[in-house]
Structures are given as C-alpha cells and as structure tokens.
Amino acid sequence: MNNTEFYDRLGVSKDASQDEIKKAYRKMSKKYHPDINKEPGAEQKYKDVQEAYETLSDAQKRSAYDQYGAAGAQGGFGGGGFGGFDGGGFGGFEDIFSSFFGGGGGMRNPNAPRQGDDLQYRVNLTFEEAIFGVEKDVSYHREATCHTCAGSGAKPGTSPVTCGRCHGSGVINVDTQTPLGMMRRQVTCDVCHGSGKEIKEPCQTCHGTGHEKETHKVSVKIPAGVETGQQIRLQGQGEAGFNGGPYGDLFVVLNVLPSQKFERNGSTIYYNLNISFVQAALGDTVDIPTVHGDVEMAIPAGTQTGKVFRLKGKGAPKLRGAGQGDQHVTVNIVTPTKLNEKQKEALRAFAEASGQEISTPKKKGFFDKMKDALEDI
C-alpha cells in the first residue's frame, strides 16, 4: 500500500486539513453506508473509508502513516527482536504502541453525545447596509434531526440495540503479526461501524442515519459598522448532532460590495471631489455627498490639488467604541480641455495681469508634418 491510499479513499489531497478530512469522511461514509447503499462492494468500501478515517483523523497515526505507510500507522515499523519483551511497570511494548496508535482507554465512547458540524454562509451587503446595519433572512441546506425517528435511526416503535460483536464499544481488537511480534490494535467494529449499536429495522425516512436534509431559514441581525471578512456566529444553527448531541453553529461571513462614490477603511470614509480651477482659485461652497446625506463644505480660495478636508462624524460607526468616524474629502482640480474664444481671452487677460507671457503654439503646415514623419523613419 502506498502512502496516499488512505487519502485517495476519502478523495482528499495529502495536505488536506482535519476539517477537510472530516467532511470527506462524512460524505463517503453516507455514500457507502450498508443501510443506504445496497450495491455489491458498498460494505467493503465503507470499511475502507472507516479504516482510512481512523488513521487520518488522528495526528500521531497520520504522521506515522505518512512516513511508514499502513504498517507505521498500526505500530508495525522499526527493527525486530523485541517480540517477547515485558516492560514491567510500562505494561510492555504492546501498551506503549497502543497508547500511540489507537488502543486502550483513549478510544472515544461511540455512544457519547457529539455536537454537529459547523456551517458557513456568505452574505453580501451593500456599502450602506454595512454602515448602518441590517437584518437579513438567509436560507441554506443542512443536516437536521430526522423528524420521523427523532434521530435514533430506528423505525418508529423500535429502538437500536447494543451491538453483539463489540458489546457497545464501537471497536474490536485485532491481532497483527509485525516485526516486533504480535501486536494488538483496535479497529472500528465491522458490524455497527463504530456506533456501538445495531439498527434491526431502519427508519424509512433517514435510512438509519438519524439525519435528514432540510432547507433552514434564519434571521441574521448585522450590526452597524461591519466590514468584509467579519463573521457572525449563530449558535445552534449548524448541522444536527449525534447521539442526542447539540446542533453545530452557523458562521455568517460578511462581504461588503464596493460603492460607486465612496471608499472605506475602518470607520473612515473617503470621497474624491472634482472642482474647477476657478473654484480652487476664488473659493466656493459646494454640496458634498455622505452616507448620512449631503452637507455643505467651504473651499477656501487658493485650494490646491490633493488638499484633504475632514467632515467630522460623517464616517462609519466604530464597532468597538463610541461615536462615528470621519469622512475625508480629497480635492482634484480639473483642467478644462476645450475653451471658447471668450474663455481664452479671459485667461489671456489673467495671464497678462499676472505678468505672464503665454506663447501660442504654431500650427504645423504640410511640409513640417512631412519633415517630422521622415525623421521618425
């Protein structure tokens, strides 16, 4: 067996995170569960998935598997000659390897309540919704407790029974001959598939899983002043738990759409204002749009391009403090590209009054243009 087979069984890459491995396991486990999939070979594939997950979900087992393959994950790597060694107070090499590779009292009780998986849902907000806050209804698919069997997986009127093979532990002991001698390891029970229970008569709605798909709707209150990437946690709105465990949580990830007028950094809002050179030279009073409505702003005479004015309290709310941010207005002086004769005369008079000499560029004739063209060749 190569060192990627377990990853291939779950359909994940070798550098997959534990969350990705867990999700892949749940998907493959449901796909090949013997109570659901009656196709030939499904049960063996289910066992293969269980074996792969048992190793890859444990950090120490996974590390050993990545280095030595399946033998490493089972404790069967290294030199020989120690088969009959008794380590006194350590309980022997079998117990030492058992503590590292899945044996003994470290096994999780399969019948213990477990919380369901968390979910993520991405919500788009307009620029203004992020500033002022909003309440949104979101709808998504999730695994819910089966309404027919109340999560037991058994047909109404019946109950799951303790597994006769593993006696409810969910695991069985398997002896394996290794270079270190006979090693005992614990593996998932091949009868109850780790649940510790047998369902003689599965529920017809959920086919024994205890869960069913549903479309769930919930209202999300989004506070004022949020930004892209922030999350809101809704407790108990994730997927159904196991063995009576609580639902997981829903994490709402916020994405603020850009504005055509404004930019934002934290509680500060930025706005670019275009003005004429006449307004810049003589000064003016203009209306400035803000998210709170238009406000008047005075432009002093002699204002230069790049000058920044601050409108106090016209920014976004501060999430972790009182009050509002500010709006910064950056001035950009626009030079006209077309002037009529009257405007040109006025500017020439201004230049003359300022002691400036303005040379009017000569228009090039036909021969000048030909000369320039030949020089470029």
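Glycine is treated like the rest: Cβ placed from N, Cα and C.
If you look up Swiss-Prot, you'll see 5-69 marked as domain 'J', on the strength of sequence analysis.
Here Swiss-Prot flags 133-215 as zinc finger.
Sequence annotations record features per position, and here Swiss-Prot assigns repeat 'CXXCXGXG motif' to 146-153 (among others). Within the same chain, residues 159-160, 199, 202-206, 208-212, 240, 244 sit at least 6 positions outside the repeat 'CXXCXGXG motif' (146-153) and bring their C-beta atoms closer than 8 Å to a C-beta of that stretch.
Swiss-Prot lists C146, C149, C203, C206 with the feature Zn(2+) 1 binding site, giving sequence analysis as the kind of evidence. Of all Cβ atoms in the shown protein chains, 24 besides its own fall within 10 Å of the Cβ of C206 (Zn(2+) 1 binding site).
Taken from Swiss-Prot, the feature repeat 'CXXCXGXG motif' applies to 163-170 (among others).
What Swiss-Prot lists as Zn(2+) 2 binding site is C163, C166, C189, C192, and the listing cites sequence analysis. With a cut-off of 8 Å between CB atoms and residues at least 6 apart in sequence, the same chain places C163, R165, C166, S169, G170, V171, I172, G196 near C189 (Zn(2+) 2 binding site), listed in sequence order.
As annotated by Swiss-Prot, repeat 'CXXCXGXG motif' applies to 189-196 (among others). When averaged over the repeat 'CXXCXGXG motif' (189-196), pLDDT in the model lands at 84.
Sequence-distant contacts of the repeat 'CXXCXGXG motif' (203-210), counting only residues of its own chain at least 6 positions beyond either end whose CB sits under 8 Å from a CB of the stretch, comprise 30, 33, 35-36, 145-149, 151-156, 240, 242. Here Swiss-Prot flags 203-210 (among others) as repeat 'CXXCXGXG motif'.
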Those residues of the chain, 6+ apart, with a Cβ under 8 Å from that of C149 (Zn(2+) 1 binding site):
K155, P156, C203, T205, C206, G210
What Cα-Cα separation, expressed in whole Å, is found between C192 (Zn(2+) 2 binding site) and C146 (Zn(2+) 1 binding site)?
20
List of residues, in chain order, with Cβ under 8 A from that of C146 (Zn(2+) 1 binding site) and at least 6 apart:
G153, C203, T205, C206, T209, G210, H211, E212
DSSP three-state assignment (helix, strand or coil) for C189 (Zn(2+) 2 binding site):
coil
